[in-house]
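Structure record follows, encoded as structure tokens.
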Amino acid sequence: MNSLTNIEDLNCDNQHIPNGFRRWIFSTNHKDIGIMYIIFAIFAGVVGGLFSLLFRLELAMPGGTFLNHNFQLYNVLITVHAIIMVFFMIMPALFSGFGNYFVPLLIGAPDMAFPRLNNISFWLLIPAFLLLISSTFIDGGPGTGWTLYPPLSNLNGHTGAAVDVAIFSLHLTGLSSILGSINLIVTIFNMRTPGMGLFKMPLFVWSILVTAFLIILAMPVLSGAITMLLTDRNFGTTFFKPDGGGDPLLFQHLFWFFGHPEVYIVILPGFGIVSQVISTFSRKPIFGYQGMVGAMVIIGFVGFIVWAHHMFTVGLSYNALIYFTAGTMIIAVPTGIKIFSWIATMWGGSITFPTPMLFAIGFIILFTIGGVTGIILSNSALDRVLHDTYYVVAHFHYTMSLGALFTAFAGFYYWFGKISGKQYPEILGKIHFWITFIGVNLTFFPQHFLGLAGMPRRIPDYPEAFAGWNMVSSIGAGISIFAAFYFVFIVFYTLKYGKNCTANPWGDGADTLEWKLNSPPPFHTFETPPHIVE
């Protein structure tokens, strides 16, 4: 456990806080920018969730009952839903939001290394989001799926400008992520307070550091692929057109070389949050700290060399199938290290169960289910049957929708008092957890059965044999959307009626630097660097 000298310098009153819109529009303060990221992520999450409710209403019953057989609109809904949730909800919340706000606090830095770069990193997201939403109203919208596979995304499949606008949106959000990653890496390496070595950093900071490297390595590959697609569509190149000597499979390789690390870009900050939460509410240091760091690094590395498990059905060679099957299964080893280390941390601990701990334990259970179905899908022979069925939809939602989302809620409830100065009512938080837990499981668990029965994804109609589980899934989606609006209600209720939050509402289990500061922290923190002593 770390202790501090010169604590009296941490909460200074000489703040010089800017007023009005200038504080937010022109902000270079890492805490304000982190808050803007989190607010943006909540808004985008509600919008993306409403998109999903629309196509779940279509899927509630067979026969084109809601969208009136407008299959292009259905494809646009699933495309925009996925892009919003990945690029505008989970990443801005976990990596950019909590990362911006808490990394400097956790390492004792006065701010981020490049404050103005931090500002533009956020404001790039706004035009990116507007471009994506506007693309849905252009020439029928981008009905390609979030993967943008040619030839469907080429001029053969989409003659209008919708796909081009969506590509520009992805360019901007990718640039935002890369700039933010550079900022966080420089901050973590150069601005740690005296006495805080790399292996004294909290695991959340480690998770952000590994994620930032993944973004810098993966995002340019996506940018290159969609730029090549853009030139195919507009400038006569044939990168992905067989009639000009190109190959649409090249796009799949490029996309998934980004796309699989993206899965870990989404979940690794969540791993860090869960480590903080479980350690705090078990009143114990995390079990196997160095092993947890090593597991994150290995997950990040191996995540780059197994991309083609998304492509088992495209005609890969036998040797490639063997390699990608084995490599994918190997990822379960470092992930298992993390799961068992969290359980070992709780073992023998003095555990309490406030809302953040409930979401963290819920994450472990649901992410483990998603991991087990991932091992099943890693088998290339089984994947021949299950590829592009609802079994895959269930798998990746158990890791992302029920995994990363639960870590975001855990982090939000854990740190909301610190950010706002108001502590949420515990009973409301626990009700939110149980509504969400029931809703998302009702939504996605039946999809395993649908996938095993052979129901294909991305198809808006289906035989009546699948109607029962689809209705259950759609009811679950409605409950989940209700939970999202209930969460927004909790936020506003807490801001208006919540009790003032103390510097450390969680007790002696919360021993990281941010809990030494007032709630909310001063506008400028650590103007005199704290010194960490063991």
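Using the three backbone atoms N, Cα and C, a Cβ is placed for every residue, glycine included.
Tertiary proximity for the transmembrane segment (35-55) is limited to same-chain residues at least six positions away from its ends with a CB under 8 Å from its CB atoms, namely 24, 27, 66-67, 74, 77-78, 80-81, 84-85, 88-90, 92-93, 96-98, 100-101, 122, 125-126, 129, 133, 408, 412, 419, 460, 477-478, 480-481, 484-485, 487-488, 491. Residues or ranges marked as transmembrane segment in Swiss-Prot (evidence: sequence analysis): 35-55 (among others).
For 76-96 (among others), the entry in Swiss-Prot reads transmembrane segment, with the evidence type sequence analysis.
The Fe(II)-heme a binding site annotation in Swiss-Prot covers HIS81, HIS397. Over all protein chains present, the Cβ of HIS397 (Fe(II)-heme a binding site) has 21 other Cβ atoms lying within 10 Å.
If one looks beyond the transmembrane segment (120-140) by at least 6 residues along the same chain, the residues whose Cβ comes under 8 Å of a Cβ in the stretch are 33, 36-37, 40, 44, 47, 72-73, 76, 80, 83-84, 87-88, 92, 96, 158-163, 165-166, 168-173, 175-177, 179-180, 183. Under the heading transmembrane segment, Swiss-Prot lists 120-140 (among others), citing sequence analysis as support.
Under the heading transmembrane segment, Swiss-Prot lists 165-185 (among others), citing sequence analysis as support.
Long-range contacts of the transmembrane segment (202-222) within its own chain (CB-CB distance under 8 A, at least 6 residues past either end) are made by residues 95, 98-99, 102-103, 106-107, 170, 174, 177-178, 180-182, 184-185, 188, 254-255, 257-259, 261-262, 264-265, 268-273, 275-276, 286, 289, 292-293, 296-297, 299-300, 303-304, 512. What Swiss-Prot records for 202-222 (among others) is transmembrane segment, and it gives sequence analysis as the kind of evidence.
Feature annotation from Swiss-Prot assigns transmembrane segment to 254-274 (among others); the stated evidence is sequence analysis.
Taken residue by residue with DSSP, TYR264 (Cu cation binding site) is part of a helix. The Cu cation binding site annotation in Swiss-Prot covers HIS260, TYR264, HIS309, HIS310, and the record cites a curator's inference as its basis.
Annotation comment: Swiss-Prot describes 286-306 (among others) as transmembrane segment, evidence class sequence analysis.
According to Swiss-Prot, the feature transmembrane segment maps to 320-340 (among others). Same-chain neighbours of the transmembrane segment (320-340): 271, 288, 291-292, 294-296, 298-299, 302-303, 305-306, 308-309, 312, 364, 367-368, 371, 374-375, 378-380, counting only residues six or more beyond its ends whose CB sits under 8 Å from a CB of the stretch.
As annotated by Swiss-Prot, transmembrane segment applies to 357-377 (among others).
Residues or ranges marked as heme a3 binding site in Swiss-Prot (evidence: a curator's inference): HIS395. When secondary structure is read from DSSP and collapsed to three states, HIS395 (heme a3 binding site) falls in the helix class. All chains included, 24 other C-beta atoms sit within 10 angstroms of the C-beta of HIS395 (heme a3 binding site).
Residues annotated as transmembrane segment in Swiss-Prot, with sequence analysis given as evidence: 396-416 (among others). Tertiary proximity for the transmembrane segment (396-416) is limited to same-chain residues at least six positions away from its ends with a CB under 8 Å from its CB atoms, namely 38, 41, 85-86, 90, 93-94, 98, 101-102, 263, 266-267, 269-271, 273-274, 276-277, 280, 354-357, 359-360, 362-363, 366-367, 369-371, 373-374, 422-424, 429, 432-433, 436, 440-441, 443-444, 447, 487, 491, 494, 506, 514.
Summarising the annotation, Swiss-Prot assigns transmembrane segment to 433-453 (among others).
Summarising the annotation, Swiss-Prot assigns transmembrane segment to 475-495 (among others) and lists sequence analysis as the type of evidence.
The Cu cation site is defined by HIS260, TYR264, HIS309, HIS310, and by the 8 Å test on Cβ atoms against their centroid, the other residues of the chain that qualify are TRP256, GLY259, PRO261, VAL263, GLY303, VAL306, TRP307, THR328. HIS310 (Cu cation binding site) is 20 Å away from HIS81 (Fe(II)-heme a binding site) when you measure Cα to Cα.
Between the alpha carbons (Cα) of HIS397 (Fe(II)-heme a binding site) and HIS310 (Cu cation binding site) lies a span of roughly 15 Å. Residues within less than 8 Å, Cβ to Cβ, of HIS310 (Cu cation binding site) and separated from it by at least 6 positions along the same chain comprise GLN252, TRP256, GLY259, HIS260.
Outside the transmembrane segment (254-274) by six or more residues, the chain places 86, 90-91, 94-95, 98-99, 147-149, 202-208, 210-211, 214-215, 217-219, 221-222, 224-225, 228, 296, 299-300, 303-304, 306-311, 338, 342, 360, 363-364, 367, 396, 399-400, 403-404, 406-408, 410-411, 414 with a CB less than 8 A from a CB of the stretch. Note: the CA-CA distance between TYR264 (Cu cation binding site) and HIS395 (heme a3 binding site) rounds to 15 Å.
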